[in-house]
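Below is one structure; the comments refer to it alone.
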Amino acid sequence: MYFKRYLQLAKPGIIFGNLITLTGGFLLATHREIGFEYLPLFVYVMIGVALMIAAGCVFNNIYDQDIDSSMTRTQNRPLVTGDISVIQATIYGTILLILSCLVLYYLVNLLTLWIIIIGFIVYVGIYTVSKRLTIHATVLGGISGAIPPVAGYTAVVNILDYNALALFLILFFWQIPHSYAIAMLYIDDYKKVKLPMLPIVKGIAYTKKIMLFYLALFVVSCALPAVLGSADLFSFIVCMLVALFWMYKSIQSYRTDTDRVFAKTVFKFSIIVITAICLTMG
């Protein structure tokens with residue numbers, strides 16, 4: 001019972017999604033090889049990053065417990081129900097944070113540790129706070145969400161270069177339509193707690209146009225690894241095909257479907273697209 005609640009506090013779904021994108025960065029650096037040579041490092045960086053993301057999610061839960069209690073989709077979270085106290089959650093998050101730093105420092109490299117720490121600070125210290133204050137919080141949160149693939153890449157090469165920037169841009173531009181789709185689907189919940197989400201402040205019609213704008217930027221960014229010479233023809237073809245398909249389905253839905261169906265379409269294909277891209281990167 002308690003193990004399940006502590007696991008829930010760490011948001012395993014978010015961890016899993018971020019580890020998929022981390023894998024994309026790792027595969028780009030190793031040219032789609034995770035053999036005996038790279039397997040230990042792959043395991044270490046996965047564990048280290050997973051622990052840091054889990055820590056970030058725990059502290060996010062602590063800060064958000066007041067609004068979580070008022071939203072339908074979050075009202076059963078452990079801190080809201082009282083299954084876990086704030087003190088217990090703080091200790092838990094701190095332990096996860098320390099373990100992550102130890103794993104990344106001793107078993108991966110210092111650069112990757114600093115990159116992940118930056119992601120943690122942006123997520124907990126900037127995004128979590130700013131989402132109550134500004135419509136731009138989603139964009140700020142996109143910075144932290146674009147960190148894992150960069151960490152996967154630097155775990156192997158131990159440098160920041162244009163390939164790392166390309167990975168960052170791909171994930172950053174992907175996250176905006178993905179996140180705004182979620183905001184549209186749960187707009188009633190966000191209205192309850194008066195969060196200044198873009199669909200609430202600027203309206204659904206404006207939000208849909210912004211989503212398509214970032215989707216177009218995402219399509220362009222998907223070509224960057226191949227342009228830089230780090231991704232092969234197979235990876236380039238897969239990336240461009242799935243990105244263009246997502247763009248096509250989203251535009252099609254924009255023209256013919258209701259707002260909710262449009263949001264579901266963008267969200268559903270965002271998951272398929274980023275998974276396909278990350279698992280064929282290299």
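Cβ atoms here come from the backbone N, Cα and C positions, even for glycine.
Just so it is clear, the model here is predicted, and its values are computed rather than measured.
Copied over from Swiss-Prot, here are the features:
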type     : residues : note
TRANSMEM : 9-29     : transmembrane segment
TRANSMEM : 39-59    : transmembrane segment
TRANSMEM : 79-99    : transmembrane segment
TRANSMEM : 102-122  : transmembrane segment
TRANSMEM : 139-159  : transmembrane segment
TRANSMEM : 165-185  : transmembrane segment
TRANSMEM : 210-230  : transmembrane segment
TRANSMEM : 231-251  : transmembrane segment
TRANSMEM : 261-281  : transmembrane segment
| message | Same chain only, please: residues at least 6 beyond the ends of the transmembrane segment (9-29) with a C-beta under 8 Å from a C-beta of the stretch. Say none if there are none. | response | 38, 42, 45-46, 49-50, 53-54, 57-58, 60-61, 77-79, 84, 89, 92, 96, 145, 148-157, 163-164, 167, 171, 225, 230-231, 274-275, 277-282
| message | So, taking each listed stretch (39-59, 102-122, 261-281) in turn and counting its Cβ pairs to the transmembrane segment (231-251) that are under 8 angstroms, which one gives the highest count? | response | 261-281
